[in-house]
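In what follows, a single structure is set out as structure tokens and then discussed.
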Amino acid sequence: MKIVLLGPPGAGKGTQAKSISNRYSIPHISTGDIFRKNISENTPLGMEARSYMDKGLLVPDEVTINMVKDRLQEDDCLSGYLLDGFPRTVAQAEALNEFLENRNEQLDTALLIDVPSEFILDRMTGRRVCTSCGGSFHIKFNPPTIDGKCNLCGSDIVQRKDDTVETVKERIDVYDKQTQPLIEFYKSKNLLSMVDGTKAIDQVFEDICKLLGEQ
């Protein structure tokens, strides 16, 4: 089973990806992991990527695509895989499509965990983390017993810079601009599946399994 996982920041993609990977015995392939591995091992592609990153430039699509292609040809991908963070653009989606066609393979589905922007904003801006032990809380869904204090060690809990309203809104805007064309691309190929990401984690996974059972 070959799956592309889509969804906005804060949609719970990481949690669901882990569950899908375990249930279907396929590797969860994250673009971030691929980059880190290539860079730490000083592969030719890793060194090329680093040369752009060191200058504060975006890594060209071609480099990212080639890294992903290399990863998808490893032995653990023979029975399928779950791609998380790739493709991000229609150009990358077309490159993946071409790669699969050349191998007489095809994508089973592009799975979108759909969560409205207001819900994402509520979910992410409410997150708090302990300054000492790293314990995590949510002011609405998992509040501390004493306001502003960690249940585990009593230290202050704070909002991370990544979770401020301004930052979250910016991330949602970037996601919308990048991903909407991608959603339309997979829709046009009848490959898009969608689940409601506002439900409880277990229910979202159950819905995903039902969808994948129909592929």
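For all residues, glycine too, the Cβ spot is worked out from N, Cα and C.
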Residue among ARG23, ARG127 sharing the ATP site, where Swiss-Prot lists GLY10, ALA11, GLY12, LYS13, GLY14, THR15, SER136, PHE137, LYS199 as binders: ARG127
Distance check against ARG127 (ATP binding site) for the binding-site residues VAL59, ARG88, CYS133, CYS150, ARG160, keeping those with Cα within 10 Å: ARG160
Close approaches to the region 'NMP' (30-59) from elsewhere in its chain (Cβ under 8 angstroms; 6 or more beyond its ends): 17, 66-68, 70-71, 84-86, 88
Cα-Cα distance, maximum over THR31, ARG36, LEU57, LEU58, VAL59, GLY85, PHE86, PRO87, ARG88, GLN92, ARG160, ARG171, record's AMP binders, Å: 31
Cα distance (Å, whole number) from CYS150 (Zn(2+) binding site) to THR31 (AMP binding site): 33
Between PHE137 (ATP binding site) and CYS150 (Zn(2+) binding site): CA-CA distance (Å): 8
For PHE86 (AMP binding site), the number of other Cβ atoms found within 10 Å of its own Cβ: 23
